[in-house]
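J.: TrEMBL lists 2-109 with the feature domain 'Peptidase S11 D-alanyl-D-alanine carboxypeptidase A N-terminal'. The active site, acyl-ester intermediate annotation in TrEMBL covers Ser7. Per TrEMBL, active site, proton acceptor is recorded for Lys10. Residues annotated as active site in TrEMBL: Ser73.
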Amino acid sequence: ERRNPASLTKLMTGLVIDHALDQHKIGLDDVVTVGKDAWAQGNPVFKGSSLMFLKPGDRVTVRDLSRGIIIDSGNDACVAMADYVAGSQANFVKLMNEKSAQLGLQNTH
């Protein structure tokens, strides 16, 4: 039976971010500029979800965004990191699917 993965996707998000850190593609002290698509008030998808309450133009370290993902379950932090790590959310989803395949996970999307 298929189920909505909800915040389980944040675990995979964290795993992909951790891999980018291990590969030295990003660093914990890198500063990420938050884009409009990560702004809760500007994105109706975020309505009622867990957030860090980021705003466009905010400058936040990878360390703090990672904490926002894992501790606050911040969907806006996930979007900001997806854009930073992979250039777009679509590319980040590809990385998540690749990591799922590497782990032998099935039916994850």
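Note: Cβ is positioned from N, Cα and C throughout, glycine not excepted.
Heads up, TrEMBL stuff is auto-annotated, nobody curated it.
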J.: In whole Å, note down how far the CA of the residue listed as 'active site' lies from the CA of the residue listed as 'active site, proton acceptor'.
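T.: The residue listed as 'active site, proton acceptor' to the residue listed as 'active site', Cα-Cα distance: 7 Å.
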J.: Going by DSSP, how much of the domain 'Peptidase S11 D-alanyl-D-alanine carboxypeptidase A N-terminal' (2-109) is helix, how much is strand and how much is coil, in residues?
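T.: Within the domain 'Peptidase S11 D-alanyl-D-alanine carboxypeptidase A N-terminal' (2-109) the tally stands at 59 helix, 6 strand, 43 coil.
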J.: Determine, to the nearest whole angstrom, how far the Cα atom of Ser7 (active site, acyl-ester intermediate) is from the Cα atom of Ser73 (active site).
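T.: Pair distance, Cα basis, whole Å: 7 Å.
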J.: For each of the active-site residues (Ser7, Lys10, Ser73), count the other CB atoms lying within 10 A of its CB, then report the residue with the highest count.
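T.: Top count of Cβ atoms within 10 Å goes to Lys10.
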